[in-house]
Amino acid sequence: MTSSFFASLRWRTWGLWLLPVLLLVLASERPLSIPDEGRYAEVGRWMWMSGDWLTPRIDGIPFFHKPPLLYWFEAASMAVFGATPWAARVVVALHACVMLGLMVACVRHFAGAEVARRAGWVLGTSMTFLVAGQYVNTDMMVATWMGVAIWCFARAFMHQGGLHVNWARAGFVACALGVLSKGLIGLLLPGLVLFVWIAYTWQWRKILALPWVSGLLLFAAVALPWFVLAAREHPDMLAYMFGKHQFGRYTATTFNNARPWWFYGVAVTVLLFPWIFFVAADGVQRVRQRVLQQPSNDNGAWVALCWIWVLAILGFFSIPNSKLIGYALPVMPPLAVLAALWWQRHLAPRAWSAWLFGALSLVGIGVASFANHYAGVFTLERSTRGVAQAVVCQVAPNDVLAVVDDYPYDVMFYAQRQRPIEVIQDWAREEQEAGDDWRRELMDGVDFDKPAGAALQPMSRLAELRTNEHAWVLAPRWRKAFRTETYAGFTEVYKDDAWILYRGSPSAAKSPEAAEQKSLRGCEDQRKK
């Protein structure tokens, strides 16, 4: 009965629709991860709150590490659903669904419905879809638009009646959206994959048939306006974004996240577990056939595209010293297709294969669900979700809220503050010593907007806040450098495992016990009084 259940065509087809539902459920189950999700969600919230859709900002300070497409979508989502973590994550989740849906549609065209459905289940039950597909940063977004571009140009080049110009035009638009997602890689990497594939399959003549004029006009109309307007407002922005944070990160050895050359082998194993082993089997088989000069069932040019897609992008990202697991996301669709093809050729004819496929699908879902839950538990060790409730309850909108020796990316989001938080630090020293961290991020942003630098305060500011009953200071308990003596003269009004909230002017402070017992509902009740 179990085998017939998983073998059911109706279940394999309609069951795919349950995977986006599961994705949206998982997106609601954990706090914002720090720093990425707190940072990127807050930039979108600030954009929505301020109405400034041109300049991305963090704590009121310009933030030009990435182009604004993610923030635009987040701000639009928050306008509909409110400023919640789920509203930020649904943007990424919708892109993951586009990645999944277009892959299934294109594979159906190239290899038939059975392989397409199987590839959909492979990708949809992996951590790529269920975890990375709702993690708030730009990686899934740019991976999706890269994939859309490659699939569109593949459909254009492999059209039986000659090059299909409308698919090609869609590819140009997808490249533009990729550039607006994360910069030049949104154009360069699809171009690299397609160039190698065209050379391998000897399709040079079709390049001349591409709709270059209309395609480039579409690309320019989508990609360029923001860069032009932002550069007029902030003249050094282009050099900073493309020079320091793209070319610089690719070539330098001083940025964070140094990893060995084999890092992406581990990354794709994690992201496509347990299906990655069938890709490995396919790769071993193809190498053996090449070495022994045996005939192969390579399924034509589009399978060559899948392998080139994987090898070109992983090779590109393996060169720099800095490596992140999210950089492997663009190769997940072709890997899912290769796993599905191997299964279809070698295991699908066997009587027990449907049962095994269903069991592995459940394993993938279970692993992703566990990882999502554990990530939430780990995040709580530093999350400001608890202390943010105390901020909402006790800190008036015009009160000063400050933090010492840290910048909690998520507190502004959870507390829904409209006034920047003051970040107290020895900034003169940090100007000389700060590395690739939140300090450098904030200091770089001030170069584009000097008045916004008022949020960065020296250590002497702490003495001023001690005697101000409208001043509140957040202290990170989890930091090894945390010392209670730093906050002498303040009154502790809230404490949890990660953070303490202090208030100036002891005569106006409330007892810690009363503050710790307050909830958002209690705060609302007090306001009604």
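Glycine residues also receive a Cβ, built from the backbone N, Cα and C atoms like all the rest.
Note: TrEMBL annotation is automatic and uncurated.
If you look up TrEMBL, you'll see 65-226 marked as domain 'Glycosyltransferase RgtA/B/C/D-like'.
Sequence-distant contacts of the transmembrane segment (86-107) (same chain, six or more residues past either end, CB-CB distance under 8 Å): 16, 19-20, 23-24, 27-28, 32, 37, 40-41, 44-45, 70, 73-74, 77-78, 80, 115-117, 119-120, 123-124, 128-129, 132-137, 140-141, 143-145, 147-148, 151, 154-155, 332-333, 336-337, 340. Marked as transmembrane segment by TrEMBL: 86-107 (among others).
Annotation comment: TrEMBL describes 119-136 (among others) as transmembrane segment.
Sequence annotations record features per position, and here TrEMBL assigns transmembrane segment to 142-158 (among others).
Here TrEMBL flags 170-200 (among others) as transmembrane segment.
According to TrEMBL, the transmembrane segment annotation covers 212-231 (among others).
Remote same-chain partners of the transmembrane segment (261-280), defined as residues 6 or more beyond its termini with a Cβ less than 8 Å from a stretch Cβ, comprise 122-123, 125-128, 132, 314, 317-318, 323, 325, 327-329, 331-332, 335-336, 338-339, 342-343, 360, 363-364, 367. Annotated transmembrane segment per TrEMBL: 261-280 (among others), in sequence order.
The annotation transmembrane segment is assigned in TrEMBL to 300-317 (among others). Among residues of the same chain six or more beyond the transmembrane segment (300-317), those with a C-beta under 8 A of the stretch's C-beta atoms are 110-111, 150, 154, 158, 189, 192-193, 196-197, 200-201, 264, 268, 286, 323, 327-328, 330-331, 334-335, 337-338, 341.
Per TrEMBL, the feature transmembrane segment maps to 324-343 (among others). Same-chain neighbours of the transmembrane segment (324-343): 99, 103, 107, 111, 115-116, 118-120, 122-123, 126, 128, 132, 135, 137, 139-140, 142-143, 146-147, 189, 257, 264, 267-268, 270-272, 275-276, 278-279, 281-283, 285, 299, 303, 305-307, 309-310, 313-314, 317, 353, 357, counting only residues six or more beyond its ends whose CB sits under 8 Å from a CB of the stretch.
The transmembrane segment annotation in TrEMBL covers 355-375 (among others).
Annotation source TrEMBL lists region 'Disordered' at 507-529.
Per TrEMBL, compositional bias 'Basic and acidic residues' is recorded for 513-529.
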Mean of the pLDDT scores, which run from 0 to 100, over the domain 'Glycosyltransferase RgtA/B/C/D-like' (65-226): 96
Cβ contacts under 8 Å made by the transmembrane segment (119-136) with residues that lie 6+ beyond its boundaries: 12, 15-16, 19, 22-24, 26-27, 32-33, 36-37, 40-41, 74, 85, 88-89, 91-93, 95-97, 99-100, 103-104, 107, 270-273, 275, 326, 329, 332-333, 336-337, 339-340, 357, 360-362, 364-365, 367-369, 371-372, 375
